[in-house]
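Novice: I have a structure here, written as structure tokens, and I will follow up with some questions on it.
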């Protein structure tokens, strides 16, 4: 929740000021400080998720852009902020799959699944499927965020925030969470019961 609030605060400050002036710079710096402190506290507990790490990178890039870029490119960079966020999240989801590493959903799945199933093919396959679905959701969210730039009449408050924050949040909280809840059971029913191993003869 804290990372989402940090990003939301930065975007509201940016959209309300056109990403120009001290308020958005202050918001970018404050959001970055808060999320870094939160990340450090979670990292101490080995609970810093890939999503949290990606959000830290995002706010660091945005703070750098707001403070270092000239005004015109800064405005464009700000308006593309949420597109950048979902591009980073998409990369977070896809790159491990391409590299043969554990899907990012594995981090969250291990919180609910018993340790004895972590190395099973079924557990790994479910997480690959779930990660691909989330990668698709990140693409859709990025397209939502891009819409106000494609249709400039939507690039005004409140519509800019609706497309950049509201619709993506609804999609992830609604469809994303429902998929997380339903898909593992659906997949298990689809493949049927796992074959029982035959005990070795004594």
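Placed from the backbone N, Cα and C atoms, the Cβ positions cover glycine too.
Remember, TrEMBL labels are computer predictions, not curated facts.
The transmembrane segment annotation in TrEMBL covers 20-40, 52-70, 76-98, 133-151, 157-179.
Can you tell me where each of these features sits in this structure?
Specialist: Long-range neighbours of the transmembrane segment (20-40) within the same chain, counting only residues 6 or more positions beyond its ends whose Cβ lies under 8 Å from a Cβ of the stretch, are 2-3, 6-7, 9-10, 12-14, 48, 52-53, 55-56, 59-60, 62-63, 66-67, 71, 74-75, 78.
Non-local neighbours of the transmembrane segment (52-70) in the same chain are 3, 6-7, 10, 14, 19, 24-25, 28-29, 31-32, 35-36, 38-39, 42, 77-78, 81, 84-85, 88-89, 92; each lies 6+ residues outside the stretch with a CB under 8 Å from one of its CB atoms.
Here the transmembrane segment (76-98) has Cβ contacts under 8 Å with residues 7, 10-11, 14, 18-19, 24, 50-51, 53-55, 57-58, 61-62, 65-66, 69, 104, 128, 131-132, 134-135, 138-139, 141-142, 145-146, 148-149, 155, 164-165, 168 of the same chain, all six or more residues outside its ends.
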